[in-house]
């Protein structure tokens with residue numbers, strides 16, 4: 001039951017971060033122009049920034065949970081952080097090529 005509560009808290013934090021990222025990105029959008037202004041890049045930047053910070057938070061938390069011997073929570077955090085690692089790899093690959 002402890003692991004399910006842990007996952008629910010992290011999922012709630014993820015959704016809250018998406019909402020905050022959306023609000024921040026919306027502040028940078030020019031409401032007077034409606035087509036081809038590159039708005040999607042603003043949203044992508046803020047969502048990517050939050051997602052990378054969230055993944056780093058999960059990986060740091062893995063270390064401390066491992067010290068507390070909470071194996072289920074360590075596995076849950078590691079699985080939740082894997083997409084972040086793949087996302088960072090894709091961004092680096094796109095940037096370098």
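Placed from the backbone N, Cα and C atoms, the Cβ positions cover glycine too.
Keep in mind the model is a prediction, meaning the values are calculated, not measured.
If you look up TrEMBL, you'll see 12-29 (among others) marked as transmembrane segment.
Look at TrEMBL and you will find 41-65 (among others) tagged as transmembrane segment.
Summarising the annotation, TrEMBL assigns transmembrane segment to 72-92 (among others). Within its own chain, the transmembrane segment (72-92) has Cβ neighbours under 8 Å at 2-3, 6-7, 10, 48, 51-52, 54-56, 58-59, 61-62, 65-66, counting only residues six or more beyond its boundaries.
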Residues of the parent chain within Cβ reach of the transmembrane segment (41-65), under 8 Å, 6 or more residues beyond its termini: 10, 13-14, 17-18, 20-22, 24-25, 28-29, 73-74, 77-78, 80-81, 83-85, 87-88, 91
